[in-house]
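S.K.: Got a structure here, written out as structure tokens. Questions coming.
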Amino acid sequence: ALNMFGNLHLLCLVSSVLAGCVPEWLQGTLLRNGPGLFKVGDTEYNHWFDGMALIHSFTFKDGDVYYRSKFLRSDTFKKNTQANKIVVSEFGTMIYPDPCKNIFSKAFSYLLAAIPDFTDNNLINIIRYGEDYYASSEVNYMNQIDPMTLDVIGKMNYRNHIALNMATSHPHYDDEGNTYNMGTALMRFGMPNYVIFKVPVNASDKEHKKPALRKVKQVCNIPFRSTLFPSYFHSFGMTENYIIFVEQPFKLDIVRLATAIFRSANWASCLRYDKEDLTLIHLVDKKTGKAVSTKFYTDALVVFHHINAYEDDGHVVFDMVTYKDSNLYEMFYLANLRKETHEFIESNKVNFSPPVCQRFVLPLTVDKDTPNGTNLVRLKDTTAKTVMQGDGSLYCLPDTIFEGLELPGINYKFNGKKYRYFYGSRVEWTPHPNKIGKGDIVTRKYIEWTEEDCYPSEPVFVATPGAVEEDDGVILSSVVSLNPKKSPFMLVLNAKTFEEIARASIDASIHMDLHGHFIPTQSTN
């Protein structure tokens with residue numbers, strides 16, 4: 001796949017709108033990120049989430065669409081391409097030390113540090129701190145990019161600004177533009193903790209080229225419930241006043257992580273799901289940084305994506321996509337993905353746990369004298385329950401909203417507020433979604449877009465200027481086709497009806513991606 005390097009920097013004007021017209025008010029750039037290269041020289045990655053990051057952008061201007069793509073020029077990319085082989089380990093692909101080097105010296109330094117140095121192949125998302133944009137994954141490194149050219153401006157290490165080994169690629173942005181995120185501080189930083197932090201909207205200093213992270217502020221520390229087995233988390237929830245952190249029993253084994261390279265194991269094998277354990281729910285006051293003392297918990301589950309959260313009549317309501325097990329990651333090993341469709345279905349349907357969108361409700365006022373077995377949820381628009389236990393803890397029973405949607409998105413103006421609609425990718429028997437849909441939480445109805453041989457990306461909502469109604473806007477999705485006669489295209493849907501408004505064909509090869517960020521034109525000036 002080295003011939004793919006020819007597409008390192010591609011710019012083309014899409015002038016052929018096959019159906020309809022791109023709205024004139026749609027002005028801005030949609031950045032998308034995901035794995036785009038899986039073979040270097042004679043070496044191949046094992047897992048789809050390991051591929052080298054390929055960023056592409058769709059710029060909407062005066063009814064036209066401009067497309068650009070470029071491999072992220074990370075240190076990992078440079079090392080691999082210079083060596084013409086994979087030389088940097090990824091989550092599912094471990095590269096072992098050169099036996100000619102002093103293995104004992106390496107072993108000592110690894111064990112001393114406890115946690116290995118991670119790749120900077122930031123392939124998951126595009127996130128914003130201040131006015132700076134970063135390609136990010138879930139490790140301590142990010143790469144700042146120019147959102148217009150996709151060039152790397154510089155490599156960033158969280159550790160230079162806050163004690164973190166890992167951080168999510170799904171931060172939240174409040175109404176003022178401040179960024180909230182969560183990370184994990186492991187052993188080398190003292191007592192291990194989950195860390196919630198905030199970067200102010202005015203943190204950037206482009207004139208003096210100072211990074212926004214220099215103004216990072218720690219909001220709260222949450223101790224691990226098990227020192228050597230921290231919970232894995234991909235996202236978290238946020239309301240106007242609270243942060244919701246779900247400490248799930250999908251755990252990282254620190255000892256296995258620190259010794260993986262000597263056991264000929266990859267980092268992915270260091271994650272373990274304990275189906276017999278509980279899931280703890282932490283509620284943190286954003287202003288005081290203090291966790292609510294009430295112990296909330298639910299049954300064992302796995303969650304990657306939160307949908308939204310809000311406060312309602314003395315309750316915190318939060319919705320997320322849950323699984324009964326951690327098998328989803330296993331589906332994305334490349335050996336699995338290369339199977340014929342029928343073979344893939346047969347080998348995975350027994351172990352496949354479908355995504356379920358569930359609502360949890362946490363009462364903010366709890367009378368400790370409440371009788372055991374009492375449901376404390378007073379809201380009338382949900383069947384979710386939170387039941388008082390004999391020890392004063394609260395057991396949460398969710399309300400199932402919908403089954404089979406992942407990669408959820410909303411009208412972000414309603415983030416942290418009561419909302420009605422969410423959008424996502426329909427997940428059935430293939431890891432590559434061939435449908436995108438809209439869920440109505442009030443009516444529990446669902447509409448979708450699909451087309452034969454087409455695979456749409458995560459849907460992104462962009463509101464109509466001045467919109468009042470929550471679903472007044474468009475849905476953007478880049479669509480890849482397996483049909484060689486059908487060009488990939490940018491799909492524009494009416495968010496209310498999911499009817500197609502326009503599609504703009506792209507005269508280039510487009511890859512399946514993961515997540516992205518829409519930047520309105522005024523934010524890029």
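One-based numbering along the chain as shown.
Each residue, glycine too, has its Cβ placed from N, Cα and C.
Just so you know, TrEMBL annotations are computer predictions that nobody has curated.
So TrEMBL has the following annotated:
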SIGNAL    1-19  signal peptide
BINDING   H170, H234, H305, H515  Fe cation binding site
S.K.: Determine, for the Fe cation site, the additional residues of the same chain whose CB lies within 8 Å of the mean position of the CB atoms of H170, H234, H305, H515; present them in sequence order.
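M.R.: Those within range, site residues removed, are I124, N125, T168, S169, S235, F304, H306, L407.
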S.K.: Far apart in sequence but close in space: which same-chain residues, 6 or more away, have a Cβ under 8 Å from H170 (Fe cation binding site)?
M.R.: N125, I127, H234, S235, F236, H305, H306, H515
S.K.: Could you tally the C-beta atoms, other than its own, that fall within 10 angstroms of the C-beta of H305 (Fe cation binding site)?
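M.R.: Around H305 (Fe cation binding site), other Cβ atoms within 10 Å: 21.
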S.K.: Pick out which of the binding-site residues H234, H515 has the most other Cβ atoms within 10 Å of its own Cβ.
M.R.: H515
